[in-house]
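Worksheet: one structure, shown below.
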C-alpha cells in the first residue's frame, strides 16, 4: 500500500517527515517530495504550498510520479462549528469549492463547470480516521463538510455569505477541494483531515499565527494514527 500525504505549509508536514524512516527526497517544479516508511506503510509526503493552484500541481505530480493508492490532505483550517475548539479536527464528509460561481449555467453554487458539486472522500479512509480519534486523547473530531477557496476568511460578512451558501460547512481552508478534484479526475481515493487553527472571524489572523503549529501537529498525529488503522 502506497499513500500520498499533502500539506500546504511546513508546520503541517514537519512532524510527519520527522517520523518517517528510509527517506528519499526529490524536488519537482520546486515542490519537495519525501518518500519513505511510516507506520509500516510506504508514504510520500509533500508540502504543496498555499492555495488551489499549487495544491493541484503538487497532487498531479504526486499521482503521476508515485502512483499512490490513497491521498490524504492534512493541515489547518478555520472552524464553523461552535462545539469545536482550536486544535480539534474535521474529517471530510464531502469537499466543495466555496468561491466558484457558474450558477448562470445551471450549476450549484460552488460547483465548477463539468465537475461534481461535491467531491466525496473514500469511506475506508474516513472510517480509519474515525477509529484514530480514540488515539488522540482529549482532541475532538467530527465528520463534516469542508469548503475550499483562495482566500483567508476573517471577515464576518464573508462568513455570513459562505454559511448562507453552505449551511452545514464545518471548516474552510485553501487546498482541499483542489486536491479532491485532481484525485477525482485520476480516480484516486482521498480524504481531507483538518485541525482547527482559528474560528474564521476577526481574530483569525492572530489565532492562525499562534495556533498553526498546534493545529498542524494535531492533524499530523491524526494521520499517523489513521495509518495504523488501514
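In case you wondered, yes, glycine gets a Cβ from its N, Cα and C as well.
Features of the protein shown, as given by Swiss-Prot:
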{"type": "ACT_SITE", "residues": "12", "note": "active site, proton acceptor"}
{"type": "ACT_SITE", "residues": "198", "note": "active site, proton donor"}
{"type": "BINDING", "residues": "78, 153, 174, 175", "note": "substrate binding site"}
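The separation of the residue listed as 'active site, proton acceptor' from residue 153 (substrate binding site), Cα to Cα, is 19 Å. Secondary structure at residue 175 (substrate binding site), as computed by DSSP, is coil. For the pair formed by the residue listed as 'active site, proton acceptor' and residue 78 (substrate binding site), distance between Cα atoms is given as 14 Å, rounded to the nearest Å. A simple way to gauge crowding: the CB of the residue listed as 'active site, proton acceptor' has 30 other CB atoms within 10 angstroms, across all the protein chains here.
In sequence order, 77, 148, 149, 151, 152, 172, 173 are the residues of the same chain, not among 78, 153, 174, 175, whose CB sits within 8 A of the CB centroid for the substrate site.
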